[in-house]
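So that you can see what the record holds, here are the features copied from Swiss-Prot:
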type     : residues : note
DISULFID : C30-C65  : disulfide bond
DISULFID : C40-C54  : disulfide bond
DOMAIN   : 27-73    : domain 'CHCH'
MOD_RES  : A2       : N-acetylalanine
MOTIF    : 30-40    : motif 'Cx9C motif'
MOTIF    : 54-65    : motif 'Cx10C motif'
Amino acid sequence: MAEDMETKIKNYKTAPFDSRFPNQNQTRNCWQNYLDFHRCQKAMTAKGGDISVCEWYQRVYQSLCPTSWVTDWDEQRAEGTFPGKI
């Protein structure tokens with residue numbers, strides 16, 4: 001189990017600096033990367049492409065966003081009440 005934790009820590013990557021969001025508050029950065037991931041996924045699926053190119057956005061929003069926000073947004077997307085334009 002300790003080896004698993006060490007592997008996770010070694011492979012953990014946080015979100016890199018994004019010049020569009022230079023201030024400490026990263027709420028907008030979280031939101032934008034969540035939207036970008038789902039837009040990328042939708043576009044690549046429509047083209048029949050590989051959605052693995054979208055994984056970068058997913059890693060960033062998972063690093064920045066609280067889990068409860070992501071869960072709520074996923075539920076809203078499933079219900080059709082998500083406020084963002086994807």
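Backbone N, Cα and C atoms are what each Cβ position is placed from, and that goes for glycine too.
Shown on the structure are the features that Swiss-Prot records.
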| residue | record | Cβ within 10 Å |
| --- | --- | --- |
| C30 | disulfide bond | 21 |
| C40 | disulfide bond | 19 |
| C54 | disulfide bond | 20 |
| C65 | disulfide bond | 20 |
C30 (disulfide bond) and C54 (disulfide bond), distance between Cα atoms, whole Å: 15
- prompt: At the level of the C-alpha atoms, what whole-angstrom distance separates C40 (disulfide bond) and C30 (disulfide bond)?
  reply: 15
- prompt: Of the residues in the motif 'Cx10C motif' (54-65), how many are helix, strand and coil by DSSP?
  reply: 11 helix, 0 strand, 1 coil
